[in-house]
């Protein structure tokens, strides 16, 4: 699962080049205040109707940070009602100039930039990702995505069409309406920006359900939405669980569209709920088992580095992680040796320390899931070359893990692990590896490493994936569409294509007395 703005998953050194010394990075706030723990509905902070709360946990220590409101169906109803009222004809939001919507988004970006250190610290506390990545990558991307779509606000429009006969015809791009958005825990602020920015730029209203594992940064951003000047009801933020609050959004007959980022299994449920309710529009960005293919003529050092970061970045918790590394037979042994050495050198530890490269998994459930897959890989006959166990005595840390001798029919080769586990495969021929790479239910991303342009172009056409990288990995910007083939989802986010998901095209035809060219 996520993304945006500045190139994302380059080597740690490359990704944080502007902050190449500890002095260049600001010091994190180790114990940030938590001012917001309620639901944000109609620009007001409210308790859940049930008065229930649930804990959010620091994955570095396993200790509870605090409790937030547990929203459910009744709260979703309140939020949808507020969003519907904000979207009614003649409301301040509907009457607002498109350029003013863009100004509000730019104002929101300004406020995020003002509070960047605090937001990055909050993200690291609640999610566990290294602070230097929260600050230098995620927050950079968040700011840019709001600014990018702010620029689109008054430039997304229809066109005139030269019809036959005495008619004048034009199209309008109108907002879909009330948009339900359900975001994941691996990139909380980034995913919030991916969904909010295009929806607001095109004039929609939003009911967003944030991940129960990482609610804190999204709630703080809600306070910035109010400070920026968005009218009441335009953005509503619900904290709660997927089977209750998330399901209520997907099933709600007064929600016009739902956008979801998360697992393929839940994506199936959301698609079904949309069909069973009001046939609401659906955008899904789901799981992946993305291949990285290394040919014998590739720059070995560069390919090792890129394939390492493609998998281990964000603790392996990326929907587009390069979780199947295919290496041509003639260089396989050397590549494997270098890969293992690279994994052993990766620094795991306290994410608030500025030289940490890998923090904990997001929660106990993910921690146990990943360890379970490691045990399964060993049981199935893959060769464990490094890692494979817990790091430290508390928190949810796992040592960077590399498997060799992996076969395509093993579960670690087919299923999304979503953790720091890199399986390596050997191949002989290009046609063979293309067939194997495509032999998956997923199709989110892929990469090929080669110096041969003809081979590179062949792979870009042959691989079944929404994004194909050549000699790099995880370069995702706010200008470029992102989404998957097959069971990795439908629709696209980001770029001009990302706006299409949030508008309806209306055709207007007018009878005229006389038409002139």
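Quick reminder: no glycine exception, Cβ is built from N, Cα and C everywhere.
Note that the structure is a prediction, hence the values are computed from the model and not measured.
The N6-acetyllysine annotation in Swiss-Prot covers 51, 52, 364, 383, 399, 414, 426, 429. Annotation comment: Swiss-Prot describes 52, 81, 364, 383, 399, 414, 426 as N6-succinyllysine. According to Swiss-Prot, the feature NAD(+) binding site maps to 262, 263, 264, 265, 266, 267. Here Swiss-Prot flags 285 as active site, proton acceptor, drawing on sequence analysis. Among the features that Swiss-Prot reports, active site, nucleophile is placed at 319, with the record citing sequence analysis.
Swiss-Prot feature annotations superimposed on the structure.
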| residue | record | Cβ contacts under 8 Å, 6 or more apart |
| --- | --- | --- |
| 81 | N6-succinyllysine | 254 |
| 263 | NAD(+) binding site | 286, 287, 416 |
| 264 | NAD(+) binding site | 286, 287, 416, 441, 442, 487, 488, 489 |
| 265 | NAD(+) binding site | none |
| 266 | NAD(+) binding site | 242, 246, 260 |
| 267 | NAD(+) binding site | 260, 284, 286, 287, 487, 489 |
| 399 | N6-succinyllysine | 348, 386, 387, 388, 389, 390, 391, 420 |
| 414 | N6-succinyllysine | 289, 408, 440 |
| 429 | N6-acetyllysine | none |
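Annotation for the modified residues 383, 426: lowest Cβ count within 10 Å of the residue's own Cβ, 383. Scoring each of the recorded positions (51, 262, 285) by how many neighbouring Cβ atoms lie within 10 Å, the top position goes to 285.
Note on proximity: among 52, 383, 426, the modified residues of the record, the Cα nearest residue 364 (N6-succinyllysine) is that of 52. Other residues of the chain with a Cβ within 8 Å of the Cβ centroid of 262, 263, 264, 265, 266, 267, the NAD(+) site, are 260, 268, 269, 270, 286, 287. Using a 10 Å Cα-Cα cut-off around residue 262 (NAD(+) binding site), the recorded positions 51, 285, 426 reduce to 285. Of all the recorded positions listed here (285, 383, 426), 285 has the Cα closest to the Cα of the residue listed as 'active site, nucleophile'. Secondary structure at residue 265 (NAD(+) binding site), taken from DSSP and collapsed to helix, strand or coil, is helix. Contacts of residue 52 (N6-succinyllysine) defined by a Cβ separation under 8 A and a same-chain sequence distance of 6+ are given as 69, 70, 72, in order along the sequence.
Of all the recorded positions in the list 51, 285, 426, the shortest Cα-Cα distance to residue 383 (N6-succinyllysine) is found for 426.
Taking the C-alpha positions, the distance from residue 426 (N6-succinyllysine) to residue 51 (N6-acetyllysine) comes to 55 Å.
All protein chains included, residue 364 (N6-succinyllysine) registers 14 other Cβ atoms within 10 Å of its own Cβ.
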